[in-house]
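**Student:** Feature table excerpt (TrEMBL):
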- 12-32: transmembrane segment (TRANSMEM)
- 44-65: transmembrane segment (TRANSMEM)
- 77-95: transmembrane segment (TRANSMEM)
- 202-225: transmembrane segment (TRANSMEM)
- 246-266: transmembrane segment (TRANSMEM)
- 286-306: transmembrane segment (TRANSMEM)
- 356-384: region 'Disordered' (REGION)
- 369-384: compositional bias 'Polar residues' (COMPBIAS)
Amino acid sequence: MSNFKRCCTIFKFCLYVVLFLLLSLSLIVVSVQRGLNNEDKTALFGGIFVILALPVSLWEIINHLIFYSRPSLQKHIIRILWMVPIYALNAWLGLVHPDQGIYFDCARECYEAYVIYNFLVYLLHYLNEEMDLEINLSLKPQVKHYFPLCWLPNWKMGREFVHRCKHGILQYTIIRPLTTGIAFICELNGVYGEGEFRVNAAFPYIIGINNVSQFLAMYCLVLFYKANREELRPMEPIGKFVCIKAVVFFSFFQGVLISIAAYYGILNMYFDVPKDVSANYLSNRIQNFLICLEMFIAAIAHHYSFSYKPYVNYLVENVSLCDAFYAMWDVSDVQADLKEHFGVVGSSISNINTRIRGHSTNDEERSPISPNCQSTSTYSSILS
């Protein structure tokens, strides 16, 4: 095992060298083609942080695959750890090829929803390994809603609480890719208007939908943590929650604020922006550059929060590296949960329709068809 670790260390060093050479070569090619301008400098500095971030995350992923002692948990951790490489590469490619930015953003946003799902399932598996989660919650005091949703009726502790938290988070895994697809179609038809807060542009409406969906997912995640705080304490959940919220939620709201500042000319007050540079172009470059920087910090945070070291167990026969790698790509669990979620949504819609029909039927029974008609009870009273 020590020889294998030594080989992994050599691999890590070689990975640094290869990534550096690839990035440098690509920047040299671009620089020769159009000269080294401010855009290339931004891509160069952003790429340096990407080079620093990628091997840290990949090293952690490889070690989780090597010490794959608890597959039900580590499969989801590995998927979460892939977030940093995907975010970092997407942001850097957006700097190098700004005209293709929307295509890179689509991939990043879809994986963002996938990360939220995996973090939820990771927590559920951890808790269910130690206890029967639903029974344990049913014995706890009622968890009340936070502001601004404190007016909602409390979710009954136990099965209902887990059910509502789970599907409150799962809705984001559906809505986010859906709005991303709609944005892509709108862009192809020239009506998306990225970075433009106009009534006749799709961008502000999609941002609004994503905001509401993301807030609901984050709210359910916080509520779930509040109910299971003591049971989650051994896994040191604070760092994990901060990592997920910072990368997924903070980066989204950061992008929205930058878009607003660019659209209304606030950035022009602090930066020397050429007149021919659009607000959308400026906001995208700032956002992508910041993500390149932030992913280096996120890689270090993930290294400590989702470390492989608690799973190093030489007494347990680990799954082979190939089997662990294949398990990482097995999405049958995702398909099953999405199928369940669609079933829940369908049942909810069916119940709403049933209630509406019930109310309309009762109204028809209580009121005459037209204002000039009288009810049977009226005729009876007259005849009597």
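In case you wondered, yes, glycine gets a Cβ from its N, Cα and C as well.
Curation plays no part in TrEMBL annotations; they are all automatic predictions.
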**Student:** Which range wins on Cβ pairs under 8 Å with the transmembrane segment (202-225): 77-95, 246-266, 286-306?
**Tutor:** 246-266
**Student:** So if I exclude everything within five residues of the ends of the transmembrane segment (77-95), which remaining residues of that chain have a CB under 8 angstroms from its CBs? That is, six or more out.
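**Tutor:** Contacts with the transmembrane segment (77-95): 39, 42-43, 46-47, 49-50, 53-54, 56-58, 60-61, 64-65, 101, 104-105, 107-108, 111-112, 114-115, 118-119, 122, 244, 247-248, 251, 284-285, 287-289, 291-292, 295-296, 298-299, 302, 306, 328.
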**Student:** Cβ under 8 Å, sequence separation of at least 6 from the ends of the transmembrane segment (286-306): give me the contacting residues as numbers and ranges.
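**Tutor:** Residues packing against the transmembrane segment (286-306) from afar: 42, 45-47, 49-50, 52-54, 56-57, 59-60, 77, 80-81, 83-84, 87-88, 90-92, 94-95, 101, 236, 239-240, 242-243, 246-247, 251, 254-255, 258-259, 262, 267.
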**Student:** Are there residues at least 6 beyond the ends of the transmembrane segment (246-266) whose Cβ is under 8 Å from a Cβ of it, and what are they?
**Tutor:** 83-84, 87, 112, 115-116, 195-197, 207, 210-211, 214, 218, 279-280, 282-283, 286-287, 290-291, 294, 298, 301
